[in-house]
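*Asks:* Have a look at this one before I ask anything.
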Amino acid sequence: MERRTFLTTAAIGAATAAAGVSVPAMAQGKKAVIGVSIPSATHGFMGGLNWHAQETIKRLKATYPNLEFVLATAGAVGKQVNDIEDMVATRNIDALVVLPFESEPLTSPVKAVKDAGKWVTVVDRGLSQPGIEDLYVAGDNIAFGRVSGEYFKANLKPGAKIVVLRGIPTTLDNERVDAFKAAIEGSGIEILDMQHGNWNRDKAFSVMQDYLSKHKKIDAVWAADDDMAIGVMEAISQAGRQKEMWIVGGAGMKEIIKRVMDKDPQIPVDVSYTPAQISTAIEVTALKFVSNTPVYGRFIIGSTLITAENAAQFYFPDSPF
Amino acid sequence: MSDTTQRPAGALPAGAAPGGPASRLRLPGLSALGPLLALILLVALGAYLNDNFLSAGNITNVLARSAFIGMIAVGMTFVITSGGLDLSVGSMAAFIAGVMILAMNALLPSMGVGVPLILAGMAIALGAGFLAGLGNGLLVTKARIEPFIVTLGTMGIFRSLVTWLADGGTISLDFGVRQLYRPVFYSGLFGISWPIIVFAIVAVAGQIAMRHTRFGRYCEAIGSNDKVALYSAVNVERIRLMTYVLLGLLVGLATIMYVPRLGSASGSTGMLWELEAIAAVIIGGTALKGGYGRVWGTVIGVLILSLIDNILILADLVSPYLNGTIQGVIIVLAVVLQRGKSSSA
């Protein structure tokens, strides 16, 4: 019974919000409902993202009693579309924070939410049509490649030989690799090989084994992902060539950050591409409902070089990633 | 896959190799040699393209890599031969790896780092494999659900369970235990690494079981025509159940060899292993509809699949985007080679 009355009040709150009343919901003493729709934890990065989303929601609920959250995780595109429709139909959300599973199929369902007068925050993967979202929060793939490339350029002599592992063939992967290549241009660094490791430990392990049989001299490896960096490290230690080369991964997995903190010579640095970007998106969206802070626009989280000095601020020992 | 009604009654006597006139039973015909020929061609190509291809290091890498899928594929040969199918093996391997690592980490405080802990972990992996295979087998034989559907379901179940156990991340084996367990993958006897040795034993045992035991003959009889097998006093359900249990145990064994390699399991462990194993079985000459199994062919199929990958990386022949195309073409060619010959024979 209690629950039903709550739903009605929430519905009234949503109705007034939808009617174009721009006063923050809190001012009226009504609860604002924020729906969060993200892909389920099918691999390390998404696992981290799920964990950060849950932690942020827990924290915001405690801080702002007038905010209500609905979290839905989807293992497939269709499920995510259903989740979003359900949130609008049954939970009367005031805002939607969404990390689209795929851009194309999610565009029109999210647009429908926007057309219903809700606030829309899109995270990480953009929609295929511009101008739908009120707020866009994302990591910076080009900077991810550039920062990695600049580190290689600064720390290798001309003529140095490196190998690269690529992710799953996608636009995102191309952006990173192109930016990396642009950054090392003119440095005299030679890329011996570039194969897809699919952001997967096992695949990266066998690709690196083959690189090691093929090339007698490798000075450094751009693994471009922390999961792949772990596979690469095992392959190198199997071949007993740990002293010969160092590895740069990427993303910010806790095991790798720990090694950077401990000054492991094999993993000198890491490049951030944080799953905590979902926290940024939820926090900033929450600000819209608890204050008059302007939060529309784009929020691009930089990819920075994680070194032994600043590693502590990227280290989340409780996160699964 | 239990095609009891489609096959015209009496088309094949139980236990006979399909399409096998007496003359072809003595020598392996050209069709049987197809996959072997493809393997030899691949090896020659690899040696021609890269000097390091035949180095001991590279051969060890390729064989050790094949071992996981290989052991699973040997078990799969029996399941497919008896007219079944198991799509859940990749997810099952991931799930068993997760359970095994969590159990070893949990037992660590009471047992300490030592050989008993590793043995306990291995026993748990085999036990989990046994139970998983038993579950699949009972659903197929007792609940009489199509193996495709049963194992499609358990595939999703195992995959999501391991993701859940890992909290979406990665389950990692305790560092100290890992150091002790590592040699199970990385070292071996007389310079041959353990996964290769175990794979070889499994392959030889599988070949003997298929060709020289009642179990193997029953598998072929059931896959060929389960009604006839039943009337011939073969306990069809029990044999079918045994094939799934055997496969589960082999998945457990593969996991025992897999875990020391990277010391971790996650939602992406063992991704698509089921398809690689099934592809290896079919490349090797086992009939997908059942009735005829060839374990040594399966071993060759597994080696072909690993070699294609290895050669593509060693050789830089084509854009990496096209690797999948080359793999697909070779797989289809290997099968066309033998099917073309066998239908003309």
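Every residue, even glycine, has its Cβ placed from backbone N, Cα and C.
TrEMBL lists these features:
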- B:30-50: transmembrane segment (TRANSMEM)
- B:62-80: transmembrane segment (TRANSMEM)
- B:87-108: transmembrane segment (TRANSMEM)
- B:114-135: transmembrane segment (TRANSMEM)
- B:147-166: transmembrane segment (TRANSMEM)
- B:186-208: transmembrane segment (TRANSMEM)
- B:241-259: transmembrane segment (TRANSMEM)
- B:271-288: transmembrane segment (TRANSMEM)
- B:295-315: transmembrane segment (TRANSMEM)
- B:321-337: transmembrane segment (TRANSMEM)
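Could you place the listed features in the three-dimensional structure?
*Replies:* Long-range contacts of the transmembrane segment (B:87-108) within the same chain, counting only residues at least 6 positions beyond its ends with a Cβ under 8 Å from a Cβ of the stretch, are 68, 72, 75-76, 117-118, 120-122, 124-125, 128-129, 132, 136, 148, 151-152, 154-159, 161-162, 165-166, 171-174, 177, 247-248, 251-252, 254-256, 258-259, 263-275, 277.
Sequence-distant contacts of the transmembrane segment (B:147-166) (same chain, at least 6 residues past either end, Cβ-Cβ under 8 Å): 1-2, 79, 84-88, 90-92, 94-95, 97-99, 102, 132, 135-136, 139-140, 265-267, 269, 274.
Within the chain carrying the transmembrane segment (B:186-208), a Cβ under 8 angstroms from the stretch's Cβ atoms is held by residues 56, 60, 63-64, 66-68, 70-71, 74-75, 77-78, 250, 253, 257, 260-261, 295-296, 298-299, all 6 or more beyond its ends.
Sequence-distant contacts of the transmembrane segment (B:271-288), counting only residues of its own chain at least 6 positions beyond either end whose CB sits under 8 Å from a CB of the stretch, comprise 18, 31-32, 34-35, 38, 68-70, 72-73, 76-77, 80-81, 85-91, 93-94, 155, 223, 294-302, 304-305, 331, 334-335, 338.
Sequence-distant contacts of the transmembrane segment (B:321-337), counting only residues of its own chain at least 6 positions beyond either end whose CB sits under 8 Å from a CB of the stretch, comprise 31, 34-35, 37-38, 42, 279, 282-283, 301, 304-305, 308-309, 312.
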*Asks:* Restricting to the same chain and to residues at least six past its boundaries, which positions have a Cβ under 8 Å from a Cβ of the transmembrane segment (B:62-80)?
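*Replies:* Those are 1, 86, 89, 93, 147, 185, 193, 195-196, 198-199, 202-203, 206, 209-210, 216, 219, 223, 243-244, 246-251, 253-254, 257-258, 273, 276-278, 280-282, 284, 286-288, 290, 293-295, 298-299, 301-303, 305-307, 310, in sequence order.
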*Asks:* Mind checking which residues of the chain, 6+ beyond the ends of the transmembrane segment (B:295-315), have their Cβ under 8 Å from one of its Cβ atoms?
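*Replies:* Those are 32, 35-36, 38-39, 42-43, 45-46, 49-50, 52-53, 58, 61-63, 65-66, 69-70, 73-74, 76-77, 203, 206-207, 209-211, 276-277, 279-286, 323, 326-327, 330-331, 334, in sequence order.
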*Asks:* At a C-beta cut-off of under 8 Å, are there same-chain residues at least 6 beyond the transmembrane segment (B:114-135) that contact it? List them, or none.
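*Replies:* Same-chain contacts beyond the ends: 88, 92, 95-97, 99-101, 103-104, 107-108, 154, 158, 177, 180-181, 184, 241, 244-253, 255-256, 259.
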